[in-house]
Amino acid sequence: MFNFIPVENYTTVYFNFLLLVVLIVFFRSKSVAIIDRRNIKSMQSLGFFIFLFTVLYMGLRPIDWRFGDMSTYYEGFLRYQRGDFSRQGKDIGFEIFVKICTQIMSAQMFFLVCVILYVLPLWLACKTWFKNYAFYAFLALITSFSFWSYGTNGIRNGIATSLFLYALSREKIVPKVVFVLIAIGFHKSVAIPAAALGLSYLYNNPKKYFYGWLACIPLSLIAGGFWEGLFAGFMEDDRASYLTAGNVNDDAFSNTGFRWDFLLYSASAVYAAYFFLFKKNFTDQRYNQLVCVYLAANAFWVLVIRANFSNRFAYLSWFMMGIVIVYPFLTKIQMKNQHQVLGSVLLAYFGFTYLMNAILS
């Protein structure tokens, strides 16, 4: 469908598309109120178009090594099609999903279905939480730093975290638990935010979570290797290697010391939550829980920030950053010119993504 786009430019084209959308939202926020009926109608239409375009553009991308682990997933798909199950992974839910797909569809369709499972839960969660303003939350999610990467490279992890976010949007405990378990079945690393979710039911005081997150910074600086070794003892060998192995893949994210730049990126959501909860006295039980889950999961990453593939642990909180930042904007009037401020926040938030993925990459 998009074969006319050179594969080496495929990713950049998507980020330029997002840049255009973000600029449209930014300039529109200067001229119309967020609650204006014309704005709501136009943003709903734009939101559905972006959802559909993202699914098709990402899902129908070429099967190419330039998309990281996509080639590995492709080889696994072909192996399963031949009936060779000798190298099955340990994420049972995902393995069952792949086996079913190999019986009824082509590899290209498989990757499209993977993207649907990645993007649709985000769209549905935003519609559940924000109704008429779901577009802004969805835009925040797809303009996040790791969104494209985990739809094209870390596919299992991406699907798992999207299912987890959808689980958070469920009010009743049974469907919430079911979708959390399905998410863990797709990628066991989701057990980390799942544990954070469980902790939030036992203790839901955001202020203490803020203190805990801050405390993890000096703890990581002083004894980073200790935490990596400690947590590796609770993980299976393949995932423990993310913590203990050297930078075997020469990953630019990994093994370059304490990543202050990415800590500051994480802190943008921490500051947003602090600002709304304690400066604006924003009261919302669901938001409290989202903040607690984010802080607990991100604190885990801070402790192991030097580890090889620490980006995989960072993503276990980063996938919900966009929601943490924009949630208060979309549920209550917080400040004068709120639409303008939201437009500026979305532009700044995407600015980091564009810098890292389109300019510096």
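Any Cβ shown, glycine's included, is placed from N, Cα and C.
What TrEMBL says about a protein is an automatic prediction, not a curated fact.
According to TrEMBL, the protein carries these features:
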- 12-28: transmembrane segment (TRANSMEM)
- 40-60: transmembrane segment (TRANSMEM)
- 107-126: transmembrane segment (TRANSMEM)
- 133-151: transmembrane segment (TRANSMEM)
- 177-202: transmembrane segment (TRANSMEM)
- 209-227: transmembrane segment (TRANSMEM)
- 262-278: transmembrane segment (TRANSMEM)
- 290-307: transmembrane segment (TRANSMEM)
- 313-330: transmembrane segment (TRANSMEM)
- 342-360: transmembrane segment (TRANSMEM)
Practice prompt. Would you confirm whether the transmembrane segment (342-360) and the transmembrane segment (107-126) meet the contact rule of 3 or more C-beta pairs below 8 angstroms, pairs 6 or more apart in sequence?
Written response: no
Worksheet item: Do any residues of this chain, six or more beyond the ends of the transmembrane segment (40-60), have a C-beta under 8 angstroms from a C-beta of it, and if so which?
Response: 1-2, 14, 17, 21, 24-25, 28, 108, 111-116, 118-120, 123, 132-136, 138-139, 142, 148, 151-152
Worksheet item: Is the number of Cβ-Cβ pairs under 8 Å between the transmembrane segment (262-278) and the transmembrane segment (313-330) three or more, considering only pairs separated by 6 or more positions?
Response: yes
Item to complete: Run the contact check on the transmembrane segment (133-151) against the transmembrane segment (107-126): 3 or more C-beta pairs under 8 Å, excluding pairs closer than 6 in sequence.
Response: yes
Discussion item. Counting only residues 6 or more past its boundaries, what in the same chain has a CB within less than 8 Å of a CB in the transmembrane segment (313-330)?
Written reply: 125, 129-130, 133, 136-137, 140-141, 143-146, 150, 154, 157-158, 161-162, 164-165, 168, 189-190, 192-193, 242, 262, 266, 268-269, 272-273, 276, 280, 282, 284, 287, 290-291, 293-294, 297-298, 300-301, 304-305, 307, 338, 341-342, 345-346, 349
